[in-house]
Amino acid sequence: MRVTQRHVIILKTLLHLIQAYFLVQLVTLTLGGGFGADPVEGLTKYTGIAALNSLVVSLVIGPATRFYRMGLMIRLRRPAGIYSFVWASLHLAVYAFLDLGLNVSLLISEIVERPYLTVGFVVWLVLLALTVTSTQAIQRKLGRRWQTLHNWVYLAAALAPIHFYWSSKSELIEPGIYLVISAALLLLRRRNVKMWIQSVLSPLQRLIYHTRAKAE
């Protein structure tokens, strides 16, 4: 099947409608007491799952586009990634506002002292950087560096399910499923992941080499 611009518009519209549905559901559950006795926990999990699902969708699009040779479908990856950041920001906001009462100093200390929060915050920072630099204008400006930067999505893909698993108090099956999905997606992109790791390690290796050379 040949994917046309019309198909892409339809798929984008469908993506927006699905995301809008879950946003409306979030509001409905919140106002209607659908999250039960601990609404903050319910909100936290709902927004976190939505962020993870959107991230998974954005990661699936690349391999699917190449496998089915539907190049235009790659245009769905950006909005899916942006939705992941939006949900992750809501996830962070629920914790910062409702759990901590927007106590900034407490928020910082919690992120520093609790490893699962550190991991989650790193994921949010990566998604923030990718969202801010996702426009075509910035892509043209950065050139080849743009792809290097956006390969950091692999770090987010690895850490997001770890954050979910680590933060789950008793429910381990659902986080485990996301860990398996994430591992499978990274395995599909293993060549790109390896190149990204090398691009990250090379400057560190050069820095260590020059530091040792100066010390000698």
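A Cβ is built for glycine as well, from the same backbone N, Cα and C atoms used for every other residue.
Keep in mind it's a predicted model, so treat the numbers as computed, not measured.
What TrEMBL annotates here:
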type	residues	note
DOMAIN	47-160	domain 'Ferric oxidoreductase'
TRANSMEM	20-37	transmembrane segment
TRANSMEM	49-68	transmembrane segment
TRANSMEM	80-98	transmembrane segment
TRANSMEM	118-137	transmembrane segment
TRANSMEM	149-166	transmembrane segment
TRANSMEM	172-188	transmembrane segment
For the transmembrane segment (49-68), distant same-chain residues with Cβ under 8 A (at least six beyond the ends): 1, 15, 19, 22, 26, 74, 76-77, 80-81, 83-85, 87-88, 90-91, 127, 153, 156-157, 160-161, 164, 178, 181-182, 185, 188-189
Secondary structure content of the domain 'Ferric oxidoreductase' (47-160), with strand meaning DSSP E or B: 100 helix, 0 strand, 14 coil
Selection from 20-37, 80-98, 118-137, 172-188, the stretch that has most Cβ pairs under 8 A to the transmembrane segment (149-166): 118-137
Per-residue pLDDT averaged over the domain 'Ferric oxidoreductase' (47-160), given as an integer: 90
Beyond the flanks of the transmembrane segment (20-37) by 6 or more, those residues with Cβ under 8 Å of it: 43, 46-47, 50
Positions on the same chain near the transmembrane segment (80-98), where near means CB under 8 A and six or more residues out: 15, 19, 40, 43-44, 47-48, 50-52, 54-55, 57-58, 61, 107, 120-121, 123-124, 127-128, 130-131, 134, 153
